[in-house]
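Q: Submitted below is the structure of interest, expressed as structure tokens.
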Amino acid sequence: MNLFFLPFEDVVKVDLNCEKNNRAHNTIDISASRLIVRRGQSFLVRLELRGPFRPTTDVLELTVETGPKPSERLGTRSVFRLSASLGNDSSWMAEVHRDSNLPAGSVTLGITSPANAPVGEYRLSLSVKTSTTAVTGRSLCKLILLFNPWCQEDWVYLPKQEERQEYVMTEHGLVFIGGSRSISSMAWDFGQFEPDIVDICLKMLDMNPKCLRNPPEDFSARCNPIYVSRVVSAMVNTNDDKGVVAGRWSEPYAGGERPTSWHGSVDILRRWYQSNCNPVKYGQCWVFASVMCTVLRCLGIPCRVITNFGSAHDTDKNLTIDKYYSDYGICPESNDSVWNFHVWVEAWMKRPDLSRDSLYDGWQVVDATPQETSNGVFCCGPAPVKAILEGHTDLKYDVDFVFAEVNADQVEWKVFPDGSKTRINTDTSSVGQNISTKAIGIDRRQDITANYKYAEGTEMERIVYNQAVRRGTKPRYSDDTVDNHLQNRLDVSPSIVLLNKPVYGQDIDLKLTLKNDDRVTRTLLIRVNAQAVRINGTISSQIQSQLIEQMILPNQGMLTRFSIALFQLKQCFAIKLLWLRQHLYQYKKCSEDHTAAIPFMLKSLIPMLKPRQRIRLTWAFTPSRPGLKKLVATFDCGQFRNIKASCNVEVRPAPGA
């Protein structure tokens with residue numbers, strides 16, 4: 001019960017029914033003592049009057065307002081009475097609920113907001129007019145209104161309950177990282193229902209530059225999930241505003257945390273809020289995406305975290321990634337790059353701004369990593385996944401950029417000493433591999449590549465690609481830039497194979513195989529270059545370079561082995577160095593202290609430990625809420641980075657709770 005007394009002559013008590021309302025609105029995990037409801041769905045408020053209520057003569061008039069300078073024209077103010085509104089069709093409504101006892105003066109009101117009302121914090125006030133009394137404009141309470149994926153009229157409506165459970169209600173998940181041939185996952189605690197997160201999310205909306213420039217218009221626009229998701233995309237990074245996470249893609253990380261050290265969003269959001277909205281240092285793509293997932297789920301927009309392996313960053317919007325090679329490796333002549341992996345968010349919503357039918361409704365790519373500006377702001381999306389699949393690159397928002405991320409062609413150029421260059425190869429299939437998200441209801445990877453593009457090597461994939469180029473903003477390279485003489489000379493098939501799994505503490509051994517597919521003997525001068533590459537595809541350093549001269553007979557091959565020494569790999573961001581078996585044991589029951597033990601089987605030397613020794617760490621903790629949770633442990637030291645382990649735990653309510 002949430003009772004309080006009012007200094008009204010006729011209204012003596014108000015019950016907001018917070019626990020009952022919040023449970024019905026799927027917000028009980030946020031709070032049982034604050035009124036937090038979803039738009040388009042009725043909630044109950046009970047009024048205790050001093051005398052009987054007569055609907056034919058007595059009048060209860062309610063007013064809701066949000067934001068500064070609330071206005072009925074902007075949809076941020078609504079005045080309404082029982083079973084009737086005093087404004088337009090977008091007004092709120094109230095009716096007498098069946099639980100009322102009018103002769104005894106007990107009036108239970110069922111109050112319903114429009115399904116397109118702006119989300120945010122509202123002020124609810126009451127006016128009472130009886131035959132003997134008139135009391136106007138007395139404040140009843142504050143309430144928070146969220147998007148409603150359970151309401152068919154809401155643009156974020158998600159039909160299937162199991163999807164709502166996964167993409168709105170689940171507070172933990174998996175983020176997939178690594179490379180297309182070595183995919184791994186890490187657990188992430190989204191924590192969108194922690195009690196203070198909803199206030200932090202609303203603070204983010206209030207701090208966005210559009211709101212600071214024109215608050216009434218911004219509060220009005222919060223009715224639209226397209227607008228809200230775009231604002232959140234910009235506010236998660238710090239490039240244009242007082243956003244949450246500062247990005248950094250290489251050492252040093254002085255003054256902040258390594259991006260790999262984070263395992264949840266709650267600590268990040270709280271640090272930002274408690275530091276007067278100063279940026280939290282540092283994050284990379286999976287941090288930006290995971291924090292954004294927390295904010296959108298908290299606000300009620302269904303969303304999921306997506307990983308694209310071999311993700312292109314096309315800076316000039318020609319849908320190609322240009323790579324330039326000299327005799328000594330990659331030349332920094334292009335700002336284009338291909339990331340080992342990149343992480344963004346898909347948010348579920350309708351897109352009536354793009355089509356009269358539902359053609360572009362559904363999953364939309366929204367990316368908070370600050371790569372390129374969109375309409376002058378470092379944000380990206382929402383871009384309909386259906387538009388990306390069909391190559392409709394002329395649609396908003398940023399479809400051309402995301403299309404390139406998953407389906408750009410890689411064009412390789414040979415740069416000669418005099419500065420001239422020629423195109424030597426085009427790779428149409430390497431970008432956009434194994435696009436992944438967590439499966440519904442289980443800790444398993446789901447491949448959704450087919451949602452983004454047709455199968456590589458098919459005619460349809462090329463048709464869509466060429467259409468995307470035509471509808472895009474910049475022309476692609478011309479085929480007459482190919483040096484056909486050079487192409488015809490390269491009748492040699494190369495391959496590089498790892499001979500052993502990369503393990504921390506060991507050199508990496510590789511095998512280079514070349515096959516002469518020509519009918520004549522070839523004498524080749526081969527330079528093998530190894531360069532350390534950051535996660536975003538940029539060169540960190542030259543590791544080594546090896547020159548080999550070899551004669552190869554027609555239709556014959558050659559094989560040579562080479563190694564990359566351990567000491568050369570310490571700053572190599574593109575190679576997984578450590579493989580570690582981890583097991584996590586847990587004991588749990590809500591509201592009681594318990595201990596968890598984490599044994600690590602070590603495969604390489606650590607100071608003060610001998611090979612294959614075990615270290616055991618214990619600590620006490622108290623679960624705060626019951627339900628299915630994910631227990632995450634992180635280990636970090638100078639020798640080992642980014643070691644995480646996790647397991648699912650079912651926290652049972654304490655006896656008598």
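Note: Cβ is positioned from N, Cα and C throughout, glycine not excepted.
Okay, so TrEMBL annotates it like this:
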ACT_SITE  Cys285  active site
ACT_SITE  His342  active site
ACT_SITE  Asp367  active site
BINDING   Asn407, Asp409, Glu456, Glu461  Ca(2+) binding site
DOMAIN    277-370  domain 'Transglutaminase-like'
Q: Write down the Cα-Cα distance for Asn407 (Ca(2+) binding site) and Cys285 (active site), rounded and given in Å.
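A: Just about 19 Å between their Cα atoms.
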Q: Whose Cβ lies within 8 Å of the mean position of the Cβ atoms of Asn407, Asp409, Glu456, Glu461, the Ca(2+) site, other than those residues?
A: Thr428, Ser429, Val431, Gly432, Lys453, Arg462, Tyr465
Q: Which is it, of Asn407, Glu456: the one of these binding-site residues whose Cβ has the most other Cβ atoms within 10 Å?
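A: Per the Cβ count within 10 Å, the most buried is Asn407.
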Q: Cα-Cα separation of Glu461 (Ca(2+) binding site) and His342 (active site), in Å?
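A: Pair distance, Cα basis, whole Å: 22 Å.
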Q: So of His342, Asp367, Glu461, which of the recorded positions has the fewest other Cβ atoms within 10 Å around its own Cβ?
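A: Counting other Cβ atoms within 10 Å of each of the recorded positions His342, Asp367, Glu461, the minimum falls on Glu461.
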Q: State the Cα to Cα distance, in Å, between Asn407 (Ca(2+) binding site) and His342 (active site), rounded to an integer.
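A: His342 (active site) has its Cα 14 Å from the Cα of Asn407 (Ca(2+) binding site).
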Q: Measure from the Cα of His342 (active site) to the Cα of every one of the recorded positions Asp367, Asp409, Glu456, then give the nearest.
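A: Its closest listed neighbour, by Cα, is Asp367.
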Q: Work out how many Å separate Asp409 (Ca(2+) binding site) and Asp367 (active site) at their Cα atoms, rounded off.
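A: So the alpha carbons of Asp409 (Ca(2+) binding site) and Asp367 (active site) sit roughly 21 Å from each other.
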Q: Using DSSP, how many residues in the domain 'Transglutaminase-like' (277-370) fall into helix, strand and coil?
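A: Helix, strand and coil residues of the domain 'Transglutaminase-like' (277-370) number 15 helix, 44 strand, 35 coil.
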Q: If you count Cβ atoms within 10 Å of each one, which of the recorded positions Cys285, Asp409 comes out on top?
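A: Most Cβ neighbours within 10 Å: Cys285.
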Q: How many Å separate the Cα atoms of Asp367 (active site) and Glu456 (Ca(2+) binding site)?
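A: The separation of the Cα atoms works out to 24 Å.
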